[in-house]
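Novice: Before I ask anything, let me first share the structure, which is written out below as structure tokens.
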Ligand code: GRF
């Protein structure tokens, strides 16, 4: 069993989906949910699954370094970190401690639409395809090596909300599969 942490800031549908996946459960133990937003509903999801939550508000720290040091101190023995809607940039200092062991999911076909509001921007640009990417995290925002992608042809009769829902469905399928592949290949 490999101890991992999931970092999330919001709703946590990806977190929940990873936590209940039966194939993943055979490989990983989500030791911590790390959340930077005390109001995020992902916290209740973790509690409902008896997963330890580490809610760390950056506002309680004098600097990003202290914030990250606190997290590092509290996630001992964690081998991988999976980001699932974690809305903060991870510093080079933190990345170095988890060299090559931090993975993110992003709702666009990277390298397109890095950063926020990716689905909305792709939809407003009337992209033929909208998709998702799972990638290793490096110093560049949404910039690390891409591990897997999936996409669908957009039907513009669907609203942005409906397209967003389809994006989440893709995410919930691909993230667990990709994590299993990473863990079995390494
Ligand atoms: C997902 O679209 C993920 O790709 C992005 O943030 C969103 C998080 O959604 N990084 P949820 O909180 O997992 O529902």
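For all residues, glycine too, the Cβ spot is worked out from N, Cα and C.
Caution: TrEMBL annotation is automatic and unverified by curators.
Relevant sequence annotations retrieved from TrEMBL are reproduced here:
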ACT_SITE  106  active site, proton donor
BINDING   12, 13, 14  N(1)-(5-phospho-beta-D-ribosyl)glycinamide binding site
BINDING   64, 87, 88, 89, 90, 104  (6R)-10-formyltetrahydrofolate binding site
DOMAIN    4-179  domain 'Formyl transferase N-terminal'
SITE      142  site 'Raises pKa of active site His'
Novice: Compared by Cα position, which of the binding-site residues 87, 90, 104 is the closest one to residue 14 (N(1)-(5-phospho-beta-D-ribosyl)glycinamide binding site)?
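Specialist: Among 87, 90, 104, 104.
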Novice: Beyond the listed site residues 12, 13, 14, identify every same-chain residue whose Cβ lies within 8 Å of the center of their Cβ atoms for the N(1)-(5-phospho-beta-D-ribosyl)glycinamide site.
Specialist: 8, 10, 11, 15, 16, 17, 42, 45, 84, 85
Novice: Any of the recorded positions 12, 87, 90, 142 with a C-beta atom under 6 A from ligand 1? Give them in order, or none.
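Specialist: Near ligand 1, sequence order: 12.
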Novice: Restricting to the chain of residue 106 (active site, proton donor) and a gap of 6 or more, list residues whose Cβ falls under 8 Å of its Cβ, or answer none.
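Specialist: Result: 114, 118, 132, 133, 134, 135, 142.
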Novice: Quick check on the binding-site residues 12, 13, 87, 89: which one has the highest count of other Cβ atoms within 10 Å of its Cβ?
Specialist: 12
Novice: What Cα-Cα separation, expressed in whole Å, is found between residue 104 ((6R)-10-formyltetrahydrofolate binding site) and residue 12 (N(1)-(5-phospho-beta-D-ribosyl)glycinamide binding site)?
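Specialist: Rounded to the nearest whole number, the Cα-Cα distance is 14 Å.
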Novice: What are the sequence-distant neighbours of residue 88 ((6R)-10-formyltetrahydrofolate binding site), meaning same chain, six or more residues apart, C-beta distance under 8 angstroms?
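Specialist: Set apart from residue 88 ((6R)-10-formyltetrahydrofolate binding site) by at least 6 residues yet with Cβ under 8 Å, we have 9, 36, 58.
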Novice: Non-local Cβ contacts of residue 90 ((6R)-10-formyltetrahydrofolate binding site) (under 8 Å, 6 or more apart, same chain)?
Specialist: 68, 102, 137
Novice: Return the residue, from the listed binding-site residues 14, 104, with the maximum count of other C-beta atoms within 10 angstroms of its C-beta.
Specialist: 104
